[in-house]
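What TrEMBL records for A:18-128 is domain 'PurM-like N-terminal'. The Mg(2+) 4 binding site annotation in TrEMBL covers A:20, A:30, A:66. Feature annotation from TrEMBL assigns Mg(2+) 3 binding site to A:20, A:66, A:196. What TrEMBL lists as Mg(2+) 2 binding site is A:32, A:66. Taken from TrEMBL, the feature Mg(2+) 1 binding site covers A:32, A:114. Annotation comment: TrEMBL describes A:39, A:231, A:273 as substrate binding site. Taken from TrEMBL, the feature ATP binding site covers A:113, A:114, A:137, A:198. Residues annotated as Mg(2+) 5 binding site in TrEMBL: A:199.
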């Protein structure tokens, strides 16, 4: 067992654990870290590959993605930010602009947090979102069709280019994830189970398998560069055969590509891959 | 204006900002960072002055303190923790034990968060607490008596000893803050305004002055080592003359020392001191 899993096992004793967020009394609470050297490198900023505004924006989107995958609408955010003392007022303004743009784009309010000085830029965000119909990881039914939205692989390519010091496109999904909020909220009543793809499809399928106690029968081959691309923030979901047509129509309306690739069966699924986050 | 204040000014546009936590719909949301090199040094752990369990416990208490100062009871916590890869399973267990002890002692549940690998130990915590009668910083009335609980100064002395590489007592308030939960919840109906003392009495008085748009007339001299001692987590509050006797009786019952030292008057108050957090 890796150390992250070991630690999580130590403190997890709540029925609310195990999903992208914790659903309590109409609200979903989710929290994610976005740290320099772990989620981004300061060289990328210096090289002009990503701006501080984009970093702040992405740190928010990563968190909003959890809310959407549970069919919840972000209402409030708390931001804890550790900032190097070398940052200028302009750089601080850029960061603030990124957070504020996300709050505007997704219509929520920044209600608090903590600001401290640090050696590097480290962001932690808590999103409080609202839903009347939370969707969990544990509700995949035997016979469900398994699907992901959009196109996978771009984020991994983006990361690899950045790590080689190469330029990447401004609209790379690694810099600006495409969240499927409008599609998913509308389709939610036909969805049985869901989560966002943050660690890569293979690893996230393993989590879905454990949560729902099911295995998968693949009817499409998933290539390694697709299945191991993390930080995609597309949605992985399951639905019954009878709802597929309705979901497809909603997807068409919102111009979201759907990829059905497996059916839920008795058994379990092991990915054989480990977490994609690069180590230092 | 220092950088922290500048940044906070950039993103603060919510009516919920400005207190120890944000009160919305029966709940208080608060979030605080507890970072290596900022709030503690790894040398202190090596020297046996503070354990990882105590660090985890204090990181929780610092956050619970915000809830108590708003008269709210902690219900749920989210923990984002960045852990050096050199940490052993035993060390991870120690951290988890510290978090779990705080959750037991204050009767709340750890419902989620994020665990990542990092160069150093950085903890961010969000506490979701419940109250029917939130107490804010903005409600000091002219003529109110201003008071703090307990004894101030010990935390600063503890920090100074640690920074000199000296041993400190296991029960030093710098390692284990004394929160005044039972006293404050019972006294809350007689309290007009409150906050916890985290940056030091002088700086926190300045915040209270700004929030309530009042000044202070001191009838006791506050020594510098008292007024500049941060991370005390005692409670600073204001109350009307007619309620002082009732508050004192409740304090006596809970063996909490009260220190009335000023009256709220028209005007404003400037501390003349800056944040105590040591820089690297």
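Yeah, the Cβs are placed from backbone N, Cα and C, and that goes for glycine too.
Annotated features, which come from TrEMBL, shown on the structure.
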residue	record	CB count, 10 Å
A:20	Mg(2+) 4 binding site	26
A:30	Mg(2+) 4 binding site	29
A:39	substrate binding site	21
A:66	Mg(2+) 4 binding site	27
A:114	Mg(2+) 1 binding site	24
A:137	ATP binding site	22
A:196	Mg(2+) 3 binding site	28
A:198	ATP binding site	23
A:199	Mg(2+) 5 binding site	23
A:231	substrate binding site	22
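Residue A:114 (Mg(2+) 1 binding site) carries a strand DSSP state (E or B). In the three-state DSSP classification, residue A:66 (Mg(2+) 4 binding site) falls within a helix.
For residue A:231 (substrate binding site), the nearest of the binding-site residues by C-alpha distance turns out to be A:196; the candidates were A:20, A:66, A:196.
Of A:30, A:113, A:231, listed as binding-site residues, those near chain B by the criterion of a Cβ under 8 Å from one of its Cβ atoms are A:30, A:113.
When the Cα of residue A:273 (substrate binding site) is compared against those of the binding-site residues A:20, A:30, A:113, A:196, A:199, the shortest separation belongs to A:199.
For residue A:196 (Mg(2+) 3 binding site), the nearest neighbour among the listed binding-site residues (A:30, A:39, A:66, A:113), judged by C-alpha distance, is A:66. Annotation for the binding-site residues A:32, A:113, A:273: lowest Cβ count within 10 Å of the residue's own Cβ, A:273. Geometry remark: residue A:66 (Mg(2+) 4 binding site) versus the residue listed as 'Mg(2+) 5 binding site', CA distance 13 Å.
Annotated Mg(2+) 3 site A:20, A:66, A:196; additional same-chain residues within 8 Å of its Cβ mean position, judged by their own Cβ, are A:19, A:21, A:30, A:65, A:67, A:68, A:69, A:70, A:195, A:198. Per DSSP, the secondary structure of the domain 'PurM-like N-terminal' (A:18-128) breaks down as 40 helix, 43 strand, 28 coil. A separation of roughly 14 Å, to the nearest angstrom, links the Cα atoms of residue A:113 (ATP binding site) and residue A:32 (Mg(2+) 2 binding site). Residue pair residue A:137 (ATP binding site) / residue A:114 (Mg(2+) 1 binding site) shows a Cα separation of 31 Å. Comment: substrate site residues A:39, A:231, A:273; largest CA to CA distance 19 Å, whole number. When the C-alpha distances from residue A:114 (Mg(2+) 1 binding site) to the binding-site residues A:20, A:30, A:39, A:198, A:199 are tabulated, the minimum falls on A:30.
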